[in-house]
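The structure under discussion appears below in the form of structure tokens.
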Amino acid sequence: MADQLTPSLDIPAALKPRDGRFGSGPSKVRPEQLQALTNTAATLFGTSHRQAPVKNLVGRVRAGLAELFSLPDGYQVILGNGGATAFWDAAAFGLIDKRSLHLTYGEFSSKFASAVAKNPFIDEPIVIKSDPGSAPKPTGDPSVDVIAWAHNETSTGVAVPVRRPTGSGGALIAIDATSGAGGLPVDIAQTDAYYFAPQKNFASDGGLWLAIMSPAALARVDSITASGRWVPDFLSLPIAVENSLKNQTYNTPAICTLALLAEQLDWLLGNGGLEWAVKRTADSSQRLYAWAEDRPYTTPFVVDPALRSQVVGTIDFTDDVDAAAVAKILRANGIIDTEPYRKLGRNQLRVAMFPAVEPDDVRALTECVDWIVERL
């Protein structure tokens with residue numbers, strides 16, 4: 001592993017990417033977003049979130065997401081504080097009636113299943129598990145009323161298409177889209193709760209969850225509320241729905257997060273929307289995977305090309321190349337956050353290819369890796 005013996009190498013400036021941020025979240029924030037914060041600071045920061053300037057900002061975010069995902073009639077953009085981690089608990093309290101089914105194939109898909117298993121008001125979930133780097137096929141079960149999986153498993157770089165599985169019946173489809181939303185293709189009509197935090201494809205900060213909820217999901221929220229189930233106010237979906245429809249959050253939101261998100265939505269929509277974003281991430285990922293398959297010392301960690309993510313690429317290295325040393329040298333040269341997910345424990349690099357990342361910078365990254373490996 002990389003240590004004090006890792007050589008000090010200065011990558012030629014001509015090889016380096018223009019922007020060296022490849023983190024899988026928090027991710028690259030475009031300079032134009034930061035400039036927009038400066039331009040609007042006086043009218044937004046330090047003002048009440050119950051008044052027009054901030055409410056208009058929330059409305060701008062909700063309208064932007066509705067346009068980006070071409071929401072069907074009756075679908076609503078709901079939001080609350082706490083990130084996707086908070087939404088897992090909110091869904092356990094307010095979206096699952098009796099029992100859920102979870103596909104788990106990495107750290108984050110497993111965490112939702114774990115949160116549900118700890119909730120005292122619902123039954124033990126069904127968990128269908130596969131090893132990291134692969135994924136189970138979405139399936140239904142007559143005993144469940146929610147079926148959940150991750151559009152993109154950030155820890156491993158596995159992407160699972162979003163389609164209502166055969167045999168799902170009336171079960172709600174809940175998709176963790178934290179690293180998929182805005183960078184992978186999706187038909188929102190195939191989901192009932194498509195939820196995410198904005199620090200990945202949307203190039204914002206964390207601490208906020210957003211969920212695109214279907215009429216069926218909104219009706220489920222109402223029915224669970226009517227049942228009298230106890231729910232902490234902070235995790236209450238009916239409170240989140242009520243406030244969201246007023247372009248508010250239950251408690252004070254981080255204005256910076258909302259403003260960065262709004263700017264990124266404007267940028268995505270101005271360039272062609274989700275179709276453009278998906279083509280861009282496809283371009284970046286094709287460059288990364290083609291390089292990895294061409295080199296004798298690298299292979300894509302995800303063996304099945306159909307499961308390889310367009311937005312988070314994981315690349316294994318042969319035993320004679322220390323990927324940790326490569327990442328350390330990259331970081332010393334301003335090319336950062338290419339380390340693998342900490343708990344995966346593999347000799348690999350992980351590369352985010354969200355829309356804000358230039359495809360040419362992905363190619364430049366691969367050239368830098370080649371340059372380093374030649375000198376190790």
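Our numbering is plain: 1 for the first residue shown, then up by one each step along the chain.
Just so it is clear, glycine is given a Cβ too, placed from its N, Cα and C backbone atoms.
According to Swiss-Prot, the feature L-glutamate binding site maps to Arg50. Shown in sequence order, Gln248 are the residues of the chain, 6+ apart in sequence, with a C-beta less than 8 angstroms from the C-beta of Arg50 (L-glutamate binding site). Annotation note: Arg50 (L-glutamate binding site) sits in a coil segment as assigned by DSSP.
Among the features that Swiss-Prot reports, pyridoxal 5'-phosphate binding site is placed at Ala84, Thr85, Phe108, Thr154, Asp176, Gln199, Asn251, Thr252. Secondary structure at Asn251 (pyridoxal 5'-phosphate binding site), taken from DSSP and collapsed to helix, strand or coil, is coil.
In the structure as shown, the Cβ atom of Lys200 (N6-(pyridoxal phosphate)lysine) sits within 10 Å of 30 other Cβ atoms. Marked as N6-(pyridoxal phosphate)lysine by Swiss-Prot on the basis of sequence analysis: Lys200.
Panel annotation: around the region 'Disordered' (1-30), residues 154, 178-179, 197, 199-201, 203-206, 260, 263-264, 267, 312, 322, 324-325, 327-330, 332-338, 341, 350-352, 354, 356-358, 360-362, 364-365, 367-368, 371-372, 375-376 of the same chain, lying at least six beyond its termini, place a Cβ under 8 Å from a Cβ of the stretch. Marked as region 'Disordered' by Swiss-Prot: 1-30.
Looking at the residues that bind pyridoxal 5'-phosphate per the record, Ala84, Thr85, Phe108, Thr154, Asp176, Gln199, Asn251, Thr252, the two CA atoms farthest apart are separated by 28 Å.
Helix, strand and coil counts from DSSP across the region 'Disordered' (1-30) read 0 helix, 1 strand, 29 coil.
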